[in-house]
Amino acid sequence: MKPQRQPRQPVEPLGTATRRAALRLLDAVLRRGEPLEAALAAAARAIHGPDRGLAHAIAAETLRRLPDLDALIDQATERPLPEDAKARNALRIALVQALVLGTPQHAAIATVLPLVDGGPRKLVHGVFSAVMRSGLLLPEHPALPPEVEARWEAQWGEGMVEAARRAIAAPPPLDLSLADASATEQWRETLGGESLAPGQLRLGDHAPVPEMPGYADGAWWVQDVAATIPARLIGAGAGRVIDLCAAPGGKTLQLAAAGWQVTALDSSASRVKRLRENLFRTRLKAEVVVEDVMAWAPAEPADAVLIDAPCSATGIFRRHPDVLHRVHPRIVADMAAFQARLLARAADWVKPGGTLVYATCSLERAEGEAQMASFLSARPEFSVIPPTAGELPAGIDATEEGWVRTLPGMLADQGGCDGFFIVRLLRA
Ligand SMILES: C[S@@+](CC[C@H](N)C(=O)[O-])C[C@H]1O[C@@H](n2cnc3c(N)ncnc32)[C@H](O)[C@@H]1O
């Protein structure tokens, strides 16, 4: 008997595997509510190096532009495509490449069509071509998902939403924290950019981070300027600080560099691995503990406790646009409830006369202002110590209450900053 011939698999255009990974990433964020970074390993298993970076960039840019991409798709279809249909996701990534990432049109569509093989291939091709023929472009300042715009407008006003749209349109600058704050001017001369605070540099265009002078020697680490404020409010000292929820360790490094004896605790083994690598590279020292805050307790109270609490992370939407699509009020409420338990427990670990700093990278009042108001009314032995002149980076001021709230729109001329809530308390 003659051997049967296997039907030949069509050869996919080069780059299709990368788009398949981007499609899986979108699905992980939008349908399963997973963080983009957490989904990367599984979604991009088959690709490596720059291709993995490209898959991430396509998915992230799609998430930044999602409502506007959908508006283009909807105006080119007679009947709206279902929200979670593969066809819509395939169109989103084809369009974002052609309209934002500079991929030639034929490559953008040819690498996406195999992803809908056996499905609505014709429809995807037709809609893509119709949008391209229409000459319509994406707006300069992307719209945020309507529920996010409504939530932020209710909390912060229309101006903040406008500023958030502008902030997400441009890639954030690269902020560095220096191990030796007294060498700020020398490093500014070496690396360029500007300094917004002692020990801080902000760079525009730059070489890949590991290739920049000072990286291998551990002279600096990457950290948004707003993220430096919690450790700045603890300042320099020779006593003991407990840094809770510490990984990957930006604040641990600041505290160790400022002379403190630091105990850095985090429950995530993989994130603690990065913290240890950061300590190794910078040759800074800290005691590292892999534990759940709710299960651990120190042998004795400390001079200072820093809690950089897990939160909705909505303040870092520029770098992590997935938060705009997967954080909803239920998540914010759950995080706020956990932060309250964490804060109540850790407050007991501060010596009388010691300092407690609480921070979240959230743009939700429930995780910041409201959290602090209820803590202060429950714990009258704690009072707010407002930042003093020179403690905050230039352009960031304390609020009337004496705490720090950074919002989109702040430092706008210098490239903006992440959204944070930070407060320093004294235990009587
Ligand atoms: C906002 S991040 C911390 C960032 C870090 N402070 C820095 O400056 O690099 C929050 C951290 O809380 C940790 N975390 C979440 N729940 C925790 C728990 N129950 N106990 C200890 N750490 C926890 C997470 O693993 C995560 O690393």
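Any Cβ shown, glycine's included, is placed from N, Cα and C.
Automatic, uncurated: that is what TrEMBL annotation is.
Among the candidates Asp292, Asp322, the residue that TrEMBL annotates alongside Cys245, Ala246, Ala247, Pro248, Gly249, Gly250, Lys251, Asp266, Asp308 as binding S-adenosyl-L-methionine is Asp292. Cβ neighbour count within 10 Å across all protein chains ranks Cys361 highest among the recorded positions Cys245, Ala247, Cys361. Here the Cβ of Asp292 (S-adenosyl-L-methionine binding site) has 10 other Cβ atoms within 10 Å, regardless of which shown protein chain they belong to. Computed over the domain 'SAM-dependent MTase RsmB/NOP-type' (136-428), the whole-number mean pLDDT of the model equals 97.
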